Each structure stands twice: as structure tokens, then as C-alpha cells.
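Novice: Pulled these features from Swiss-Prot for this protein:
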type     : residues                                               : note
BINDING  : GLY91, GLN92, THR93, GLY94, SER95, GLY96, LYS97, SER98 : ATP binding site
COILED   : 346-470                                                : coiled coil
REGION   : 379-401                                                : region 'Disordered'
REGION   : 503-559                                                : region 'Disordered'
COMPBIAS : 533-551                                                : compositional bias 'Polar residues'
COMPBIAS : 636-651                                                : compositional bias 'Polar residues'
REGION   : 636-657                                                : region 'Disordered'
COILED   : 748-855                                                : coiled coil
REGION   : 916-940                                                : region 'Disordered'
REGION   : 976-1038                                               : region 'Disordered'
COMPBIAS : 983-1000                                               : compositional bias 'Low complexity'
Amino acid sequence: MASESVKVVVRCRPMNKRERELSCQSVVTVDSARGQCFIQNPGAADEPPKQFTFDGAYYIEHFTEQIYNEIAYPLVEGVTEGYNGTIFAYGQTGSGKSFTMQGLPDPPCQRGIIPRAFEHVFESVQCAENTKFLVRASYLEIYNEDVHDLLGADTKQRLELKEHPEKGVYVKGLSMHTVHNVAQCERVMETGWKNRAVGYTLMNKDSSRSHSIFTINIEIYAVDERGKDHLRAGKLNLVDLAGSERQSKTGATGERLKEATKINLSLSALGNVISALVDGRCKHIPYRDSKLTRLLQDSLGGNTKTLMVACLSPADNNYDETLSTLRYANRAKNIKNKPRINEDPKDALLREYQEEIKRLKAILAQQMGPGNLSALLSTQTPPGPVQSEEKLLSPTTVQQDTEAEKQLIREEYEERLARLKADYEAEQESRVRLQEDITAMRNSYDVKLSTLQENLRKEKETEAILKAEVLCKTEVMSRAELASGPEYSPPLQYETAVKPTILSMPDMPPSGKVTKSQAPLAFEEPHGETSRSEFSFESNECSTLEDSATSEAFPGPEEFSNMEFSMAAALTESRYLPEEYLGGQEAAASPLEAERYVQENEPSLEPLRILASLQDPFAEVEAKLARLSSTVAMSDSSQTVVPQIPKQPSSADLLEPSDTKSEADVAVADNVVLGTEPDVNLRVAEEVVSEAETGVWMESEAQVAHVAQVSEEAQPQPLLAMVSVRRESVGVEVAVLTEEELQPVDQQQVLARLQLLEQQVVGGEQAKNKDLREKHKRRKRYADERKKQLVAALQNSDEDGGDWVLLNVYDSIQEEVRAKSKLLEKMQRKLRAAEVEIKDLQSEFQLEKIDYLATIRRQERDSMLFQQLLEQVQPLIRRDCNYSNLEKIRRESSWDEDNGFWKIPDPIILKTSLPVVPTGTQNKPARKTSAVDSGEPHMQEEDRYKLMLSRSDSENIASNYFRSKRASQILSTDPMKSLTYHNSPPGLNSSLSNNSALPPTQTPEMPQPRPFRLESLDIPFSKAKRKKSKNSFGGEPL
């Protein structure tokens, strides 16, 4: 893939009023012919000026028109071919960036790059042949590192940046506006420009306080000579950056100072990206340092053609800013991009428009015919300029109408898809039930076939005995009655005479045949209700009429003769059924074997007499069908309306052709419904409704065909459209038009939608305008010629400094000395300029080094301060908090690249629930009760406060659980406790415990205190003393 460098041009503006009032001197000179820019240091007038060479250099006398025609024109032309392009202005605040990008409406020569790009894009679009374009515009700004949509409903809403593997970095939720001409683009630009953040500073009264990006997205649909479609996509980013500024010059304070800080940070990140791209040793490009660099990521070193316009101020008091701008612009020349044509984008909206236009034209062609459609489209003249201007007055209304139309189409499509899915699921369920019923019928047929074989075997034995007797009698009487042979017919002749009668019944055309299951059922189960409940199917009620007629054509009880006849008919009928619908036994029986079986096993005389008395069943069926058709005709003539419901595609339509055929065969051969309803009209209506609901088509049935014919005569057919199911790459079934019956569409709505879609795309309106095409080619040639002139001028400047001048022949030695003196002076000036450049670079590097070291020292001091504060604060953190372990918090933390901050765990306090320790304060509710009973209000209030304190103490688990209970009892302020356990002698504890003065409710609640150590040693003494006192009391006389 070929790479190209970033194109860089410089433009120097005239001095403004402020600079003229300060009597500033110009320090910038420009050589436009060679694309060189010179800047003189005002503090060192003896030093040579610094020289920079770019792709173009423009001074105060040049207009924006010349800049665009020479430099920007090839880049925008590439966008109309499928490339990505970016044009951005770079420079300090008040250097003319917005003037270069936006410009002035009057005079026309000072119009900016953005409006000229509009004209260029639509000029190329109108001149293109066999190509359609979809042009959409968006406008955003980056204010204080927040992305805002300047064309959205809420211009202050923050938008997020996302990254896509194919689209790259994009803004989620950014509004896109379809534009059709230059006027709409200018109106969109003006709307966004009014919403942009601007402010007043000392250097510029209308200073841009945000970076803005106007994007034009172009989708190109071209058809080559072979008729093959090609889809491409191009994108043009027109960037107007906010300028870097110094607070000392702009006087920014408060909100303006905050804005300036954010602007300088983003521009500094942009400069770091440029430096990293130029430096080949840098492996990491800091695109994520700013949202501006992320949005320009593809423009700097990616798949984009990029043009940088460096705007300069000629004043000497802006020398440092101008020199910095020139250095960054000179570095940007070395950035290599790899642009390529974006072919066949997957998310192209133009592809969807083209497919929908084709579909709508197909629908209209089916309704009106191709000739009428072309005539109608030709009569629809495009709106004139006045009408288009009227429509352009409300682009928001047009967008809302478009969104409403999209929503309507989406809802219609989802409803149709849901209906198709429901029908498909119903058909699948019906098919499952059909297979189950087929299996049940096969099992029943096998049982009946085995019974028939057993009966035929017994009959064969009886017939063999009869034949043996007849042969014996024939041998005896052959000689005597040879002349009277015709009077007695042998059985062989009788069999030959009877066989055509048997075989003539089943040998009918396949359209009126009776299946193998129908014949046995008709003879063995004459009751229609029983067989209906056993063999009927929901999706095949249309065969009810035929089965009813069959049950009436073969009446009679279940006899052996009927069983034998049904067996013969079933074996003969097997020639018209496929083998896959037969079981293991019936598949083995071929038509020849069936005939051989009939010939070898002739029925007895009794079955033959019954067969002779039977009528032709198929003739009776035909008669009943004729009566049915006449009844249906009479019902139609008597205005009995049969509702006609549009058919939905069945499961057979969603399968392969072979599957469709087998489904129809199964429906014809195996779906039997026996019924005996007398009301024919009701039966016909039910069949039509059930057929429309389930979508099962029984085309081979004679009565269904007749009912369909009657329905066609009664009501007109709806529009035939095309519906099929195709599967997209994501695995979703999408409905596409095929030949099925759908509801009629509104012709006016389809035509309006078609015209709306065709108006969305533009291209080729002026393809036959020779003047416009010639102008377009002339501007393209001018840009190429200007590029060649610049290359030639640079070569001439290199030749002037070459060694070929030494070949000149001098007339005298003095002339040679003067020539070499001039050459020496020139080389000395170059050497001095190089030394000054080296000195400036070293001083700049030294200043950056000092700045970096100062920043590192400041960060180290801040880090030490935070570390000391942390060491002092960490012991104060509770142990049950997760932040008491900072190493664990450090391991759990992670850096968020997108948002630029650390993700740290939330502070959590772990509470451990321990059992509550019973203390002496548990008897306070009793005292509260006594206080309440006594009716003292102040005591009641005091008890309430004591209860609150006791609860707070009990909740403090860490202080109460391991606290000594002895100390709390000793230090207890309860006078009752101190009186009972500490002030009394040990011998009186029992008497005090039994004291009647205490309330009885407090006695069991008072806890037993732990004894003192001295009391435990005095236990024997106390016992003896108690015994002695008892004796003394007992011995003393009362």
C-alpha cells in the first residue's frame, strides 16, 4: 500500500487592530513561489532568519480561493472517489484559523475552505455519469473535553466515543443529516456555528472556545461498463481547532481560564502525537491522551489524506507562538499516511436504498405494468428551485417524515415476518400430526392385511378341495359326456369370465382413485363419526366431501365378501401410490404380483354373486360430485357469500421443491376425513376457511379444485406479489417478495415512498453540461500544474547552491575572488543559521528538560505528602473496613483507558454478629414497669433514657463481649445490688433474698453474683456459725 506524507501549508494573516495599536513589527516573510517561510528573531537582529519549507506558503495578499484551488482541491476530489480526507487549521488563538475554515460570505474570494468544499463536492456529484451519491453531514464540537452534537436536539448533551474495527473511532449518537445541494449544507453549517461555544478575550473578541469538526459522509454507487455494481464510501473532516493561548496575553479568568487549560491540554496532546509519529523509535502513540487526538487518529498516520493549514501571526510580540507553530508544522510534514479507497462498506445506507427502490418498482410494475410505470415516472418532474427551497426551509420536518416512514416500513415488515413465522410453525405442527396419523393408519392396515391373508389362506384350502372334487368328477364323466361339454363350464372358463369384472373396478384414472386405507375403512367401519374421530386431521378438512361420497358409495355390513373385494381393490390400487407411502408388506407387492394373486386365488360363488349385484362406486362418486357442484352454484346464486381469506405460505413453500412435492403427495394419499353432514353449503364454507387458515393446498382433489374455481368466479383475485425466505449473515429470516398472494398495497403510498428514496440520492444531474465538466477539469489541471511549478522552483533553489558554479571561467583573478567571496558569505550565513537553529533547539530542549524535571520533582513531593498522610490516617481506619488493607485495594484497582481514571473498590464495612451478653441492665424494664405503676412521670422519663443507653451498650459488641462482669457488678450504681451483695454479710444473703419487701417479680430476674474470693474461703465458718446460731436459737426459751 502506497504511503504519502501529510500536506502542510502556512498562511500569514495581516496585523489586527490590537497589534497595530501596540506598534508591532512584522517578523514573518513568505516566498510563495518556493513555498518557504522565514521568521526573524526580534531580539537578535544580527542573526539570520529561520527558514522553513512547506507544500505551500501564503502571505497577507493571498486569498482563500487560491489556497483551496492549489492545495485543498485534489484532496476533496479524492473524497468523491472513495478516499478519506481531513483538513484542519492549527495555530495560536487569533491567528486566523476560523477565518480560513469558515471565511466571509462577502467578498466571494474570502469564503472559507468549508463552503468551498461544499461547492466542490456537489459539482463533482452533478458531473458524474452512471453514479449515484448519498451525501450526509454532521457537526460536533469538543468543549472542555466533552463531545457535543451541534445539530442535535440537545446541544449540551455529552456523547461517548466508541471504536469499531472497520469504521475506526466514531461518536455514538451523533446525528446525520442528508443534504442534496450546497444551500442545505450551508444552512446546516450555519445552524451548528450558532450553537458553537465562543468567547471574548484580549486577543480575539470572537475566540473559539472549542474544537469543531464538520464531517461530510459520501456513499458512491457506480455501475461500470459491464453492468456490475460498485459501492464506495468517502469521508471529509473539516476541523477548526481552538487556538493555544497564554493567560498573560488573553487575560482569561474564571471560566475562560478553565477553557484555555483544556484547549492547551488537547493541543499539547496533538503536538505529542505529531512528535511521536515523526520519531520512528516511539512504539506507543498517545492518541488516548485527548478526545481530539482520538477523533483525528485516522487522520494522523492512518487511512486518510490529510492537509494541515498552519496559521501565523506576523507580529513580533507573538514570536514564540509563531515559531512553535512553524516547528510543529515542519514536524507534521514527516507523518506518513496510508490512504486507500473504501470499497464495499458493509454498513452502507445507499445499498439499502437501492434495494428498496428496486423492490418498490417491482411492486408498481406488477400493479400497473412496465409501460405504465415508466410513463408515470417520466411524468413525475423533479421539483423546481422554488419548490426545493420551500422544502429546504424545514429540514427537521423532512427528517421526521423520513423517520416516521422508516418506522412504518419496519413495523409492516415485522408484522409480515411474524405472520410468516406463525404460519410456518403451524404447518410444522400439522406436519407432525400428519406423520403420527400416517403411522397409525399403517399399523391398522398391517393388522387388517394379516387378517385378510389368513382368511384368503383358509379360502384357498377350501377352493383346492372343491377343485379336486371337480377334477375327479371330470375324469369320470369326460368320456361319456364329451359332446355335452358346453353345458358344464369348467372353473377355469368361469374364472376367465369373472376376472375382467373384478379388475375393471380399480383400474380407473389416478385422479379419482381410492387409497388403500379408504377401501377397507369404507367396508369395515361404515359409521362416519367413529372414523372421523380416529383419522381426521385439522389441516386436511378439504377431503371431507370425497370421503363422505366414498362412504355412501360402499354401504353394507362387514362381510367376508366385502373384505375380499376391498383386498383385491387395494392390491390393484397400489400401482398408483409411491412406494414411500407403503409399509414393509405393501411395498413388496407390485402390480404384477397383485394380478397374479387375483388369478390364483379366485373368490367363491357367493362373493361373485354379491359383486355382480354391486354398482360401480366411482360412477356414483362422480354423480355425487356433480350434485355437489350444482348445489354450490345454487348457493352462490342465492347470494350465499363465502368469505375468502388470503392464503398464507405454507411449510411446503418454505422447503425445497422435492419436499413440496412429497408434502402434496402425502396430503393427497394419506389424509382421509370421513363425514356425513347433510348441510353442503356449510361444509363448503368450512373447507374454504380452514384451507385459508392452515395454508394446505390440495390441488389434486377434484372437489377442492371446483370450490376454488367457484371462489375465483365469485371474488376477484388479490395482487400477486413475491414472498420467499432468505437468511441473512446474522441468521435472521428476512421476507423478500416472491410469487404468493398478499394483500393489495396502496399504489400512492408506494409511489410516494419511491419518489422519496430517489430524492435522497443525487448524482448525474449535470452530466451532459459540457461547460461545467470543462470547468471541473480545468480546476483539476490547475492544481496539478501548481504542484509541478512548486517542485521546479525547489529544484532551482537547490541548483543555486550547488558546486556547478565553480565551472565558470573567470576573466581575472579579482572576479574569481569576488565570486568565491560571495559563495563563502552565503555558506557562512547558512552555517550561522544552522548554528542558531542548533542553539534554539538545544535551548528548547533544555527548557523542556527543566520543565520535565520540575514536574517530576513536584510530583515526587506530592507523592511523599500523600504517603505521609496515608501513614497517619491508615491506623484510624476500622479493622472491619476493606480499606484497612491497602495492598489488597491496590491489587483490586485497575486503570480505565477510555475514561482516564482508576477503578477502585467501594468502601465496605464488615459487621460481625456475636451473641448478646446478658448484663445487669436487663432488670431495668422491671423497674420501668414499677415506675409506671407508681405513676411517677420523671422516673418514667429517666427509665426510658436508661433503656436507650443500655441498648447502645448492648450493640457495642467489641466492648461488652469480652468485658469482665465482676467489675461491672462492683461498679454498678444500682443501690439494690450494692445493698444485697456487697454491703450485707454473707450469712444474711438468704434472708435478704427471701425479704418480702422486694417485689416478687424482681426476685427470679436478679442474676446470681459471683462470690468473692474471701467468701469462698469462709464457707465452713459460715456453716458452723449458722449451725451454732440455730442451736442457740433453739435452746433459748421462748
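Even glycines carry a Cβ here, placed using N, Cα and C.
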Novice: With every protein chain in view, how many other Cβ atoms are within 10 Å of the Cβ of GLY96 (ATP binding site)?
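Specialist: Result for GLY96 (ATP binding site): 21 other Cβ atoms within 10 Å.
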Novice: For the binding-site residues SER95, SER98, which one has its C-beta crowded by the most other C-beta atoms within 10 angstroms?
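Specialist: Within the set of binding-site residues, the most crowded position is SER95.
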Novice: My understanding is the cutoff is Cβ-Cβ under 8 Å with a sequence separation of 6 or more in the same chain; which residues meet that for LYS97 (ATP binding site)?
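Specialist: Counting only residues 6 or more apart in sequence, the Cβ neighbours of LYS97 (ATP binding site) under 8 Å are ALA89, TYR90, GLY91, SER208, ASP240, LEU241, GLY243, VAL309, CYS311.
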Novice: Using all protein chains in view, find how many other C-beta atoms are within 10 Å of the C-beta of GLY94 (ATP binding site).
Specialist: 28
Novice: Per DSSP, to which secondary structure element type does GLN92 (ATP binding site) belong, with helix, strand and coil as the options?
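Specialist: In three-state terms, GLN92 (ATP binding site) counts as strand.
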Novice: Any idea which of the binding-site residues GLY91, THR93 has the thinnest Cβ neighbourhood at 10 Å?
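Specialist: If we count Cβ atoms within 10 Å for the binding-site residues GLY91, THR93, the smallest count is at THR93.
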